[in-house]
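All remarks here apply to the structure that follows.
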Amino acid sequence: MRRFSTLSRRLQRVVPASSASTANTSPSPALYTGLEPKIKESQDSLIRAVFDNGDVWQDFSQKSVAKPKQSRSITGFINYLTNESDYETGLFMNDFLKTPAGFQKYTAASIEEAGQLIQQLLGALTQRDKLRHAITTFDRLSDVLCQVIDLAEFIRAAHPEQHFVQAAQEAHEQMYEYMNVLNTSVELYTVLDMVFKDSEIVNQLTHEEKVVGTLLLEDFKKSGVTLDDAGRENFVSLTTKISLLGRDFISSNHPKEDYITLTQGEAQGLDPQLAQQLSQGNSVYVPTGGVPGQLALRGMKNENSRKLLWSKMRESSDKSIESLEDLLVSRLELANLMGKESYADYLLSDKMAGNPENVMRFLNGLLDKTLPGAKKELSVLEQIKKQATGNPKSILQAWDKSYYASQLLYQKRNKTKTAHMLSEYFSVGTVVQGLSRIFDKIYGIRFVPTETKTGETWHHDVRRLDVVSETEGLIGIMYADLFQREGKSPNPAHFTVRCSREIYPDELAHMSSSPIAKVPTLNLNGKVFQIPTIALICDFTTPHDLYPSLLSYQEVETLFHEMGHAIHSMLGRTSLHNVCGTRCATDFVELPSVFMENFASNPESLALFARHYSSDSPLPYQQLERHLNEQSYFKDVEQYTQIKMAMLDQVLHGNILKSITNGHFNSQKLYDNLEKDRPLFPPSPSSWHGSFGHLFGYGASYYCYLLDRQMADIVWKKLFSKNPLSRDAGSRMKNEVLQWGGSRDPWECIAGVLEDPELAKGGSQAMEKIGNYDKH
């Protein structure tokens with residue numbers, strides 16, 4: 001049952017309290033609601049100051065770093081090889097995690113708690129009265145496992161102390177292995193199956209219980225539980241084989257030839273510094289992979305050199321093609337074992353799309369809509385080529401696109417140079433402050449910087465932001481680890497460390513004796529909810545003594561994107577943790593985050609925060625507008641490329657039996673046929689599909705981001721484009737999309753927010769309609 005542990009960056013949960021609870025209760029809503037305007041204004045100003053002003057941050061954080069017995073290493077992070085008594089609490093207020101050794105104790109206590117819940121579930125096999133609450137018990141079991149696995153996953157990515165990273169790794173491995181045993185438990189599956197076969201009990205279930213129970217049941221089936229002994233053995237063998245083949249594919253994922261050899265004359269136009277790095281004597285050795293190869297395509301004047309490089313860049317190694325084809329055949333075998341015609345059918349059954357045919361309808365509609373714009377963008381480059389070559393019959397080839405695009409952008413940038421850099425208006429503090437102001441206006445929630453206890457965070461650069469509702473008080477806790485440091489993952493990400501769920505009355509008495517039950521909670525309308533705790537990590541430059549960390553526009557978009565996930569975690573409050581916040585369909589989960597990116601470019605929202613870090617003067621919007629125009633020169637060409645990649649993903653994970661001859665699968669023919677369909681350039685030999693690494697990680701789901709971006713664009717245009725800071729629009733987004741997490745059919749969510757009932761049932765017509773929606 002994979003729902004026993006979903007990815008950490010996709011969790012959330014809330015909890016009610018009562019006098020019988022030993023949980024840590026959050027501050028009363030009265031502490032945050034009804035504040036004097038001056039206090040609220042002071043809290044707002046503090047957001048910018050704690051990120052941008054080193055002196056303010058030092059004073060503000062001193063309480064949490066000034067423990068006498070606590071030592072610091074030369075890199076500035078806390079040395080955790082000390083006594084537990086040195087700390088007021090552990091990581092994320094988990095008292096187990098004051099030292100690395102506490103991870104093992106936390107894991108052991110969690111497994112003991114899980115064991116008690118499993119015994120309750122197994123008791124339902126012989127005691128029918130226990131079936132009624134089996135689904136909520138399954139959900140509690142899932143929550144216990146996730147709190148260890150997801151916390152460990154985050155610590156592995158962000159903690160600077162190797163001892164803690166190692167402890168987290170060991171905890172993750174131990175709990176993941178334990179979870180996999182449960183995922184394939186016939187006894188646990190039988191309990192859940194009995195629930196749904198008892199019509200009297202089914203009629204008593206809440207909507208959420210039915211949704212979660214169905215998800216868990218399907219996950220059990222996808223894990224092969226319903227197969228006979230031989231089938232289960234085959235299932236385990238195939239999944240192991242697929243994992244190994246995937247690793248082989250990724251490791252061999254490179255062009256057939258590592259470089260091409262050119263003369264100095266043939267490589268003319270290369271950046272001088274790059275040319276010097278690649279030269280040996282009179283020869284230039286241009287790599288066929290990575291950034292140097294891309295830069296060479298943009299710079300080399302000789303078309304034959306570009307053609308040679310481009311063709312070699314798109315010629316995959318024999319090993320890569322072989323690994324990919326073995327991977328695809330094994331996935332087909334797994335799908336057939338599970339009664340599906342293709343791997344895409346197997347994977348998409350619980351997604352918005354439903355099946356691969358619906359995905360292709362969406363992609364075809366989007367491609368037809370995108371193609372004219374893409375051709376128009378390339379026609380501009382073809383005219384530049386004709387002028388440059390003096391040949392009116394010149395045709396733009398695939399290897400010409402990067403070169404002439406760079407020529408065009410160079411001309412445009414020369415005409416639009418400005419003395420002020422955009423980043424000077426985007427300090428980390430102003431951007432986070434702006435996000436808080438935007439959320440306050442559209443959702444009635446905001447950020448309040450909060451001092452941390454000793455031991456609560458993993459590095460002194462980490463800021464804690466409490467997420468506060470104007471009506472409910474504290475509804476979530478966010479830890480912002482935004483600045484780069486050695487050993488930290490460079491990839492921006494949102495992690496849900498502790499998610500939201502209701503704590504039921506029968507749990508409260510047990511919590512007083514449970515060592516893992518100390519969690520911050522929220523009392524709301526007579527219910528107790530666990531407060532969600534999330535962490536954001538980014539890789540922004542470290543603030544300087546003389547100026548704050550300044551962001552590029554792309555980094556601003558990144559922060560808005562990740563905050564979209566964060567707010568989904570905070571507002572997606574459900575009774576069951578399996579469907580809270582970002583725990584929804586994978587082809588729906590990016591909608592809130594992509595939607596948030598729109599606020600990073602809108603003049604009205606920018607006016608709330610985009611100010612010069614030194615003079616405090618507002619951003620001249622024309623400056624950003626020019627930058628945005630430059631970035632959009634080839635937006636349809638880029639979208640066309642992404643659509644074709646998503647189509648390739650579907651084709652290769654479709655019913656490929658017809659392409660298997662004498663036990664051998666020929667992927668090249670499928671790739672060639674797709675390339676011939678509505679092309680942008682004249683045909684040329686290529687086996688690039690063997691270098692498309694996402695075919696492993698995103699198998700049959702590469703379309704998801706395109707679908708979510710399309711839906712986000714539609715929502716923005718219909719609700720927010722005319723009045724982006726509208727509380728009415730924000731309330732609709734919150735009430736129809738965010739608050740449901742994964743407990744509502746995503747098609748009903750999108751139909752509700754767009755007020756388009758035709759979309760509510762989903763299916764082929766809904767997918768096609770979304771693909772053809774006018775977003776301009």
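Glycine is no exception: its Cβ is also placed from the backbone N, Cα and C atoms.
Annotated features, as they stand in Swiss-Prot:
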{"type": "ACT_SITE", "residues": "Glu562", "note": "active site"}
{"type": "BINDING", "residues": "His561, His565, His568", "note": "Zn(2+) binding site"}
{"type": "TRANSIT", "residues": "1-28", "note": "transit peptide"}
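Overlay of Swiss-Prot feature records on the structure.
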residue : record              : CB count, 10 Å
His561  : Zn(2+) binding site : 19
Glu562  : active site         : 21
His565  : Zn(2+) binding site : 25
His568  : Zn(2+) binding site : 30
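Apart from the site residues His561, His565, His568, the chain places the Cβ of His494, Glu562, Met563, Gly564, Ala566, Ile567, Ser569, Thr582, Glu590, Pro592, Ser593, Met596 no farther than 8 Å from the centroid of the site's Cβ atoms, the recorded Zn(2+) location. Taking the C-alpha positions, the distance from the residue listed as 'active site' to His568 (Zn(2+) binding site) comes to 10 Å. In this structure, His561 (Zn(2+) binding site) is part of a helix by DSSP.
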